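Working notes, beginning with the structure itself.
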Amino acid sequence: GYLLVWVLVLANCMAVLIQYQASKLGIVTGKSLPQILGERMGSAGSFLFFAQAEVIAIATDLAEVIGGAIALNLLFGLPLLVGGLIIGAVSTVLLLFQGGKTHKIFERLVIGLLLVITFGFIAGLFMDPPNPLKVAEGLIPRFNGGASVLMAASMLGATVMPHAIYLHSTLVNDHYAHKAHKPSIKEMLHGSRIDVVWALALAGSVNIALLVLAANSLHGMGGTDTIEGAQHTISQVLGPTVGTVFSIGLLASSLSSTSVGTYAGSEIMKGLLHWNVPMWACRITTLVPALVVLALTSNPTEALIIGQVVLSIGIPFAVIPLMRYTHNKQIMGKYVDGPVKHAICLLVVAVIIALNLVLIVLTLMGKA
């Protein structure tokens, strides 16, 4: 139902703050978060940090491959492993053409698809309007058993995305690297703030619209505990067009984050360990485990959720050093975070850690 609407809203607000902080660190220092970590940690610490970050990169690819494979299965009836291989091949090609004309065309195509999907889901809400009081009730923070905590952690991992924190601090500098006129730090921070808010507002709108649509139209119906079952029920209740939009949305979401895990893993490796590993080798490192899980799992939706929970557990490892560095005057100079902003950042970290601790305790007790 509407129980976890508040989780999506809160996770999106946290993601805006965290991603802006990552871009701020990169813009002000000219270095990525992994680079700064590599400068301040010993070789053993750097390797251990890299190991957990690589697990996060693999979990990212797992979500991408499984989500894309399910989408191709729903749209074209392809076996999951075949769909996973296609997603892996397409994302590898796009990764090798990173920054080229082909990749820019692909980016525009995905942005167009995401805009169509946003309007599609919003149209679905007008076709079957939700009860505003129930939506408002969903904004009250609460859980209902261990399964809802597990789902909340999955939503948090899918929204905040630790790999994107590492990567964003790199990409902001790449964005301005080849421009004839480089804006001032103040101008870049302003532009980054606008980009982050708009991007996450769009993503959050799609996620919340989908959750409300499902809660309103599918609540109480059987067979909706898997992605395939949800798509089938949406097609029956709201029509095949909305069901197809759901499947295309899943595919576009998978492809829009294509190879992000690999790219993040490569930057982490470079920053922490100073290893310049070929991109195709990094791709194999993250793609093969995802394909193995896809081949072995009997419940891809459950594997997808667990992968996103792993992302949630990995968030503090990225966020804690990020918040420390943006509050360090030696690193940030006059752009250092003030006490109020730092307090908000600490509160965000505390909420994320608390949710993960509750999830771990419930899992050990067998209640999640």
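Just so you know, the numbers here start at 1 and follow the chain as drawn.
A Cβ is built for glycine as well, from the same backbone N, Cα and C atoms used for every other residue.
TrEMBL does not curate its annotations; it predicts them automatically.
These features come from TrEMBL:
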| type | residues | note |
| --- | --- | --- |
| TRANSMEM | 6-27 | transmembrane segment |
| TRANSMEM | 76-97 | transmembrane segment |
| TRANSMEM | 109-127 | transmembrane segment |
| TRANSMEM | 147-167 | transmembrane segment |
| TRANSMEM | 196-215 | transmembrane segment |
| TRANSMEM | 277-297 | transmembrane segment |
| TRANSMEM | 303-323 | transmembrane segment |
| TRANSMEM | 344-365 | transmembrane segment |
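The stretch in 6-27, 196-215, 303-323 that contributes the largest number of Cβ pairs under 8 Å to the transmembrane segment (147-167) is 303-323. A Cβ distance under 8 Å defines the sequence-distant neighbours of the transmembrane segment (6-27), meaning residues of its chain 6+ beyond its ends; these are 33, 36, 138-142, 151-152, 155-156, 159-161, 164-166, 168-173, 185, 188-189, 192-193, 196-197, 200-201, 203-204, 207-208, 211, 319, 322-323, 325-326, 331-332, 335, 337, 344-345, 348, 351-352.
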